[in-house]
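> Provided herewith is a single structure, encoded as structure tokens, for subsequent inquiry.
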Amino acid sequence: MKFVTLLVFPFAAALASTVSFKGCQQKVKESIHGPPHGWYKHAPAPKHHMLELKIALSQPRFPELEQHLWEISDPSHARYGAYLSKQETETLMAPHPETLAIVSEWLTLHGLAEEVIHSSARDWVTIRVPVGLAEEMLDTTYHVYKHAETGESILRTTSYSLPDILHHHVDLIQPTTMFARFKAFKSTLHWTNQAQPVAPCPPGETITGPAGNPVDASCNSTITLSCLRQLYNAENYKTTATNCNKLGITGYLDQYANNKDLQQFYLAQNPSAYGSNYTLVSIHGGKNNQSYEAAGDEANLDTQFGFGLVWPTPGTFYTTAGQPPYIPDLVYPTNLNEPYTYWLERLLSQNDIPQTISTSYGDNEQTVPYAYATRVCAGMASLSARGVSLLFSSGDGGVGDNNPDPATQLCKSNDGRNVTKFLPSFPASCPYVTAVGGTVNIPETAVLFSGGGFSDYFARPAYQEAAVSEYLAMLAPGTFKGLYNLTGRAYPDVAAQSTFFSIIYQGQEGSVTGTSCASPAFAGFVSMLNDARINAGKTPLGLLNPFLYSTGYTALNDITQGNNPGCGTQGFNATVGWDPVTGHGTPNFEKLKALVLALP
């Protein structure tokens, strides 16, 4: 039973116009000191170039949605598992009718009445306008910015304004000030004929895993599906295909999952799955090019290990368009590198969503404007309130750039002070998702690139206050003083293996390293837990963190060795209990299954 009554706002097709914009002053809505490190102003933006502007309307009832989320995600609360419906979350995400009326009049004033597209909850408005008109509406000037290292070009500004009457009704407009690249969290692909860090073991030799069971010693040099099931105590669990449980994998930036590679991977590592496939969902024109040349190592990694672990549980691969390069001399240039809003908008509009979704993309939190980060994070909260477990890689830069050398480190603030600081990762820093750090070897230790730290944007949620406070109390006074936010949301929450995952890429066997390995791996075991709960007539786990920090951590393998250097420091240390390198640790599936089946 759901103990919730939600007021539905009446949205009229047309509202009386009572607002006059005559005499309204343009006030700066958002500005940044300058482009983040690595970006520089290249050229003025062509006035005729078409921009797709996304306008986030205010959500006055989001605090109510958040309160529902905390209650239905808390195993000790009477409402645990009583997830909200699509209609209920949309009601709590919706703007006030006055907001719709005022924004509609502003758009009509600029001749855009017929160009408006609303999201399902009507909290996002999308319009297509030429740069010249966008500059007039936002009292700004767009430029083409280039990235010195990668050569990428994007069209952005560092400040924009709105009529003062709109400031309480509009949270943000993008693309404007966001320079985040949302790259995949992985290292360069390694081929199997390249040197490995650990010498291969003789066939049949075993070592002891964290659950006390024998694990093939080859897992110390190459990670396979079998290795993960052995290491995390799930060798004997069989998932089902008929209970409506699903696993979702996201793909961005033209990362295509090659189906031939997937079938070759299945033949090598899970022959029973050979011939099976996933559901492909295209978002905002996302494609899935099946030529070998277009195969994506990240997409292959995510789908091969995610879907391979949980087969025959159905899988869904979301391919979202959003390739950054902007080439002014093309007739239809692309200029999209903020894919999360498109992905969230599509997912939230659907009635049927996978219970577990893994994402291996992100960027430094400071490259994402605060308003954008909070709105995307609110969208994550809405998905979580519907019973979805969202897992994100924690990043591959340790506490920032993964460089312990003070003389060459690149961790600088983007607020004009240019001071050294740790660089938290987003969306891993969002408190409504589960961030997954990385481990290496058996026995497991923290891998040195495991992203972890403390958010500068999001306050520490109550569910992790005790664990994080205990960790901070162990640090010597003054440790990393001024380099991180002592009161911020701490991450990662958990961890999994993240080095030398054996994949098939363009028909060849290779291996990939990064926390992008850890997220689909951990998500696979979460999907298995959801499978077990659904088979027992229970609800899926939804937002994992309140469970993980209250009792779930007792069924995780605590990682107590290693650190995550960066920003000219050795970073944080893994230690007994939670730490900002591996969180609460890696999964022991059988223990976790016993715990989750005992929950309501």
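Each residue, glycine too, has its Cβ placed from N, Cα and C.
According to TrEMBL, the protein has these features:
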{"type": "ACT_SITE", "residues": "GLU298", "note": "active site, charge relay system"}
{"type": "ACT_SITE", "residues": "ASP302", "note": "active site, charge relay system"}
{"type": "ACT_SITE", "residues": "SER516", "note": "active site, charge relay system"}
{"type": "BINDING", "residues": "ASP558, ILE559, GLY577, ASP579", "note": "Ca(2+) binding site"}
{"type": "DOMAIN", "residues": "222-599", "note": "domain 'Peptidase S53'"}
{"type": "SIGNAL", "residues": "1-16", "note": "signal peptide"}
> What does the structure give for the C-alpha distance between ASP579 (Ca(2+) binding site) and SER516 (active site, charge relay system)? Integer Å is fine.
19
> Note the Cβ centroid of ASP558, ILE559, GLY577, ASP579, the recorded Ca(2+) site, then list each other residue of that chain whose Cβ lies within 8 Å of it, in sequence.
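Everything else in range on the chain: THR560, ALA574, THR575, VAL576, TRP578, THR582, GLY583, HIS584, GLY585.
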> Would you report the average pLDDT that the model assigns to the domain 'Peptidase S53' (222-599)?
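That region's mean pLDDT is 94.
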> Can you tell which of ASP558, ASP579 has the most other C-beta atoms within 10 Å, given these are the binding-site residues?
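Of the binding-site residues ASP558, ASP579, the most buried by Cβ count within 10 Å is ASP579.
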> Tally every other Cβ atom lying within 10 Å of the Cβ atom of GLU298 (active site, charge relay system).
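Taking all protein chains shown, GLU298 (active site, charge relay system) has 25 Cβ neighbours within 10 Å.
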> Determine, to the nearest whole angstrom, how far the Cα atom of GLY577 (Ca(2+) binding site) is from the Cα atom of GLU298 (active site, charge relay system).
31
> Within 10 Å of SER516 (active site, charge relay system) (Cα to Cα), which of the recorded positions GLU298, ASP302, ASP558, ILE559 do you find?
GLU298, ASP302
> Rounded to the nearest angstrom, how far is the Cα of ILE559 (Ca(2+) binding site) from the Cα of ASP302 (active site, charge relay system)?
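Distance (Cα to Cα, whole Å): 24 Å.
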> Take the Cβ of SER516 (active site, charge relay system) and count every other Cβ within 10 Å, whichever protein chain it belongs to.
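That number is 32.
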